Structures are given as structure tokens and as C-alpha cells.
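Q: TrEMBL feature annotations, pasted as is:
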type     : residues  : note
TRANSMEM : B:15-37   : transmembrane segment
TRANSMEM : B:49-70   : transmembrane segment
TRANSMEM : B:310-333 : transmembrane segment
DOMAIN   : B:320-428 : domain 'ABC3 transporter permease C-terminal'
TRANSMEM : B:354-387 : transmembrane segment
TRANSMEM : B:407-427 : transmembrane segment
Amino acid sequence: MPLSLEINDLVVRGRRGGRELVHVPHLSIAAGEAVGVRGPSGAGKSSLLFALAGLSPFVEGEVRWGTENIAAMRPARAAAFRRSHVGMIFQDHLLFEELGPDANAAIAGAFAPRAERAARRERASAALRRLAVPEGARKVETFSGGERQRVAVARALAGAPSILLADEPTASLPREASVKLTQDLLHAARERGATLIAVSHDLALLDAMDRVITIEHGRILETVR
Amino acid sequence: MNDLWLSLPAFAQDLLILVALLLPAILTGAVLCAGFAPGPLVRAMIGRFRWVSLAFVLLIAVSVGMGTGLTSQERSLRTGLAAAADKFDIIVARPGSEITALLAAVYLQPSDIGLIGGEAYDRVATHPRAEIAAPLAFGDSFRGAPIVGTTEDFALYLADGALAEGRMWQDVPEALAGARSGLSVGDIVVPSHGHGAAADSEAHAGVEIVVTGLLPPSGSPWDTAILVPVEQVWETHGLVNGHAIGETHLGPPFDPESFPGTPAIVVHAADLASAYGLRQTFDNQDDTMAFFPGAVLTRLYAIMGDVRRAMSLMAVTTQALVAASILLGLFILSRLFRRQVALLRALGAPSRFILAVVWCFGAALILAGALIGLALGVAAAQVLSAIVAARTDVAMAAGIGWPELHLVAGFLSLVSLVALLPAWAVLRQPVAASLRG
């Protein structure tokens with residue numbers, strides 16, 4: 001059954017638990033919803049995204065997904081949660097340049113249980129085909145920015161995630177590639193009923209979302225549908 | 001347990017030591033990598049940082065090469081010197097320095113030692129346990145090759161009973177040439193007095209010696225020597241030739257009254273007990289000392305032990321410094337690929353997998369460096385051996401032995417354990433900050 005994300009009294013702090021970066025009293029994101037997050041640089045958008053992924057060490061409050069509280073998970077449990085339920089996409093792709101698209105998309109298979117590796121490879125391959133990424137032995141360092149970001153999306157989809165978290169996914173892409181990637185991302189998320197949360201300054205991407213949240217100084221200022 | 005260990009053949013002991021030394025590295029790798037497939041990622045990271053990786057591998061290779069080269073060369077020198085002395089059961093000489101007598105008699109190094117008189121020689125030669133008691137006579141050379149006077153029995157003993165070519169000398173002006181002397185049967189040798197640059201080629205003008213046979217190679221300085229009847233050396237130097245007037249035969253028995261003296265007698269005994277008996281009989285006498293060349297070499301190594309220990313300490317210090325450099329370098333490298341590591345953690349990679357990737361990266365460089373270093377060490381030892389062999393005429397075969405394999409295995413395990421530290425440090429880097437670059 002699809003699960004929603006319920007955020008209550010979430011506080012994300014900076015280095016050594018000092019400065020408060022984000023404070024969200026309450027936020028509810030329905031299962032399968034596509035949410036855009038916007039705001040000026042340093043507003044806390046990415047910090048919120050990393051907290052939702054269980055990657056921030058200094059968090060208080062709740063990020064509830066079903067019976068699980070992501071904010072309270074120990075690092076090992078949070079890593080297992082990401083393996084099973086979360087797909088992440090980053091602004092500058094973060095690919096292994098020396099590997100081909102197939103190996104990059106199926107990279108999580110390297111640490112997945114042996115029995116799951118074949119299925120991961122198949123899903124990665126299917127995602128690459130759906131995103132029209134040229135498969136084969138060519139290293140991704142020879143790819144264009146758009147192709148590289150599509151490989152990163154395929155990598156996120158290969159884990160069959162319930163939650164897709166994207167940090168400025170179109171920021172480094174030209175206009176045409178940006179539009180294509182937005183369509184692909186939304187289509188992939190909707191196809192499998194995944195929740196999509198995308199931090200972006202890209203108005204076209206934000207327009208395509210079900211809802212847009214504006215953050216400033218770590219606080220949610222408004223929510224637009 | 002000790003008895004069981006001692007009952008094992010040397011090969012099995014060395015193999016077990018090797019496995020024990022490698023075990024920490026193998027176990028670390030097995031524990032870290034169990035259930036994971038870090039290979040493609042490690043290859044990708046090595047490819048990404050190929051020049052830094054290459055510099056690392058070369059640093060390790062040079063360090064390992066120096067260590068293995070030194071130990072291999074030192075062992076081949078010891079083995080070569082011991083093999084060269086193999087045919088020399090006992091040396092009897094005037095009381096004095098055994099090392100000087102050893103260098104003169106076995107390694108044919110020009111030395112200034114006293115002579116054994118005819119009476120003492122006769123006691124040795126007529127001892128019932130002495131199968132061969134050959135006087136040696138030095139002093140001349142031909143184109144840098146030492147001319148050594150001795151007896152037919154000893155020359156044949158050196159040749160294992162059969163010449164490589166030609167026949168045994170039958171007259172005073174005839175000679176057998178060593179396998180690496182560059183001479184052929186029928187060549188004429190005109191002796192110079194002395195050795196090296198100081199040799200006087202005019203001193204024995206008119207003396208001509210014909211090469212009648214060639215000795216097989218022995219891997220000792222005797223391969224470049226020219227062997228002549230001992231009477232030839234004595235006569236050339238204007239001495240009595242060891243035989244009473246009217247005696248015309250070559251070699252023993254010699255007449256004690258007509259014996260001009262010899263710097264050393266090489267004695268061959270029928271068996272070990274006889275050898276010990278002979279040494280005991282002729283050692284610590286007023287006019288003779290007797291020693292086993294092997295025992296003197298052992299004492300020589302013991303004297304040089306301090307130097308060897310200093311060299312070993314230097315080698316270990318070098319390895320420790322390299323290990324520290326590797327540790328430092330891996331810390332720097334771990335900073336270089338912190339974004340890749342952060343990405344893996346964002347994708348949900350377990351900590352053990354991250355450790356496995358970073359450790360395998362370091363271990364792959366260390367292993368490559370160690371293997372290249374092993375080859376470099378052997379090559380260096382072979383070059384050094386060739387140089388030493390050319391200067392001493394002692395055959396040396398430098399190669400990989402158990403000590404080198406043990407050294408490299410120990411180095412591998414130590415450094416691969418050290419490589420866990422930067423791998424662990426990578427895990428402590430904040431993921432979010434690393435992802436943002």
C-alpha cells in the first residue's frame with residue numbers, strides 16, 4: 001500500500017549540531033505526489049532533502065513513512081532504508097566516469113544481496129532503454145550532460161524506489177534537455193506510483209509538479225498547488 | 001607442537017610461514033568483501049585517478065625492490081661463496097689469519113702469507129686419512145688470470161675426474177686452463193710476475209707454457225685460473241722443484257729437503273670423520289693451522305652480521321617510511337574520491353561496502369607495487385650479482401627465494417592493515433557536505 005511522508009517538528013542542524021538550517025513544524029506529502037521545493041540559495045532546500053533521505057546527522061523531530069521514523073534511524077538502518085525505498089538524483093550527476101551507463105545505472109547491485117543483483121541489472125537496463133540512453137561499453141565521461149543525467153535517473157529507478165529525491169536535477173542541462181528530463185522524471189515516478197520531491201530553481205520543472213513549496217531561511221513560507 | 005613443526009620439510013615450513021604472513025591481508029579482504037562485488041568500482045576509481053595510482057605503485061615498487069634486491073643479493077653472495085669453497089675440505093697454512101689464507105687458497109686473491117716447510121708438508125701428505133694433499137703455489141699471472149701451481153690429483157679432483165677438453169699435463173711447461181680463462185688447447189702462456197697492473201711481464205721472459213687441457217666450469221675463481229704443475233712455479237722462480245736431484249716425476253711424493261715451501265695445502269679427506277681428524281691434527285701446531293673453509297665463512301658472516309643487521313634495519317626503516325607515505329597518500333586519495341564515496345552512501349551502501357571499496361583500492365595498488373617491486377628486486381639483484389661475479393669470479397644466481405617472498409608477504413599484510421585507517425576515515429566524512437562538493 002502506498003505510504004505518505006509525514007513531517008512533524010523537523011529541525012535540521014548544521015555542523016556539530018549547531019546552527020538551525022531547517023525547521024518544519026508540519027508537512028504532509030501524499031504517496032505518489034510530485035512536490036517541487038524552491039527558494040534562494042542557502043535557504044535549506046537541500047538540507048531538507050538530505051534529512052528526508054536520512055543523510056543528515058543532526059536532526060530532531062519526525063519524518064514518518066508508515067511506521068518508520070526516518071529522522072530517528074541510525075546510519076546503518078537509514079542506509080538500508082535508502083537501498084530499499086529511496087532513489088536519489090543530484091545536480092551534477094555524480095556518476096562513475098570510468099564506467100559505462102549500464103554499470104552506473106546498476107551500481108547499487110555491487111552491494112545488494114546476490115539474489116537481487118540480476119533483477120537490479122534488468123531494471124537498470126529497462127530504465128536506460130525507457131530514457132533512451134545509449135547502452136553499451138562506452139564510458140559515461142564521453143556522454144553529454146543530458147545523457148549523463150538520464151543515466152543518473154536510471155540509477156535512481158533501478159532500485160524500484162517508493163520515494164524519488166532530486167536535488168537540482170536540471171540545473172546543469174540546456175533548455176531542451178531540461179524539459180525532456182522533467183518529463184522523463186515525472187513519467188517514471190507516476191508510472192510506478194513513487195513520491196517525487198525535487199529541489200529546483202527551474203520554473204518549467206516546478207510548473208510540472210503537483211505542488212510547490214517555497215523555503216526561506218529554513219522555514220516553509222508558502223505552498224502552491 | 002615444536003616437534004611437529006621441526007618434522008615438516010623446509011618447503012612446507014616456508015610455505016606455511018608465507019601463508020601465515022599473508023593471512024592478515026587475505027582475512028581482511030575476505031571479511032570486508034564477503035557478499036559484495038566491489039571490483040568494477042575499484043577498477044573505475046583506479047582508472048579515474050590513474051596517474052596518482054601509478055605514482056603510488058611506483059613508490060611501493062621501488063621500496064619493495066630495494067628490500068628484496070638487498071636480501072636476494074646478500075643470499076646469492078653467501079651461496080656463491082660457499083659453493084666456490086665446496087671442493088676445499090680443509091686448508092692447511094702457516095699459523096696466522098684464516099681469512100687471509102682462505103682468500104688466497106679458495107678465492108685466489110693475492111695475499112702475503114707465510115710458507116709451510118717441507119717437513120710440515122710431508123706430515124700432512126703422508127697422513128693416512130688425507131686422500132689428496134695438494135700444495136698451492138701462486139705469484140704469477142697471464143693477462144690477468146692467476147697461474148696456480150698444484151698437483152695432478154687436485155686438478156682432476158677440481159674437474160670431477162674429467163677434463164672438459166684436451167689432456168692432463170705431462171711435463172712442467174704444460175697447463176690446464178679454467179673454463180672462463182679465454183684460453184684454448186694449444187695456446188701458449190707466458191707468465192708475468194705478480195698480478196694486475198703491477199705484474200712484470202719481463203720477469204719470466206723465455207718461459208712458455210702450453211695449454212694441454214681445459215677444466216669444466218666450477219662457478220669459482222678457479223674458472224679463470226691457469227693450473228700448472230707446482231714444479232713449474234717453483235722452477236720459474238728459481239727455486240728447487242720439490243724433488244731430489246735425479247727425480248724426474250711430477251707431483252707427489254715431494255722430498256722434504258728439496259721442498260721450497262707452499263702458502264697453503266688443500267687437503268681432501270675420504271669422509272667427514274677423517275676431515276675432522278685431519279683438522280684436529282694439524283690445527284694449532286707450531287708450524288701449521290688447519291681450518292674448514294665453510295666454518296671460516298660462517299665466522300666471517302658472523303663478523304659481518306652487524307653490517308647485515310644495520311642493512312636490515314635500514315631496509316625495515318625504509319619500508320616503515322614507505323608504509324607511512326602510503327598511509328598519508330591514501331588519506332589524500334580518500335579526499336579525492338570523497339564525492340564518489342558520499343554518493344555510494346547516499347545510494348544506501350553499507351559501511352562495510354565503503355570500507356571494502358576504499359581498502360580494495362589501496363590493497364590493489366599495494367599488491368601491484370609489491371609484485372612489480374619483487375620483479376625489480378630480482379632484476380637489481382641479478383645486475384648486482386653480475387657485477388660482483390665479474391669482479392670476484394664467484395658464480396652467483398640471484399633470484400626470488402623464500403626470504404624475499406616472506407618479506408613481501410609481511411609488507412603486504414602490514415600495509416593492507418594500515419590501509420584500513422584511511423578507509424575508516426572516509427566513513428567519518430559528512431555525506432551531505434561531500435555530495436555538495
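Backbone N, Cα and C atoms are what each Cβ position is placed from, and that goes for glycine too.
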Q: In the predicted model, what is the mean pLDDT computed over the domain 'ABC3 transporter permease C-terminal' (B:320-428)?
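A: The predicted confidence over the domain 'ABC3 transporter permease C-terminal' (B:320-428), as a mean pLDDT, is 86.
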Q: Restricting to the same chain and to residues at least six past its boundaries, which positions have a Cβ under 8 Å from a Cβ of the transmembrane segment (B:354-387)?
A: 25, 28-29, 32-33, 36, 38-39, 41-42, 45-46, 53, 56-70, 72-73, 76-77, 80, 326, 330, 333-334, 337, 341, 344-345, 396-400, 404-405, 408, 411-412, 415-416, 419-420, 422-424, 426-427
Q: DSSP on the domain 'ABC3 transporter permease C-terminal' (B:320-428): how many residues come out helix, how many strand, how many coil?
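A: In the domain 'ABC3 transporter permease C-terminal' (B:320-428), the DSSP-based counts are 93 helix, 0 strand, 16 coil.
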Q: If we skip the immediate neighbours and take only residues 6+ beyond the ends of the transmembrane segment (B:15-37), which ones have a Cβ under 8 Å from one of its Cβ atoms?
A: 8, 352-353, 355-356, 359-360, 363, 402, 405-406, 409-410, 412-414, 416-417, 420
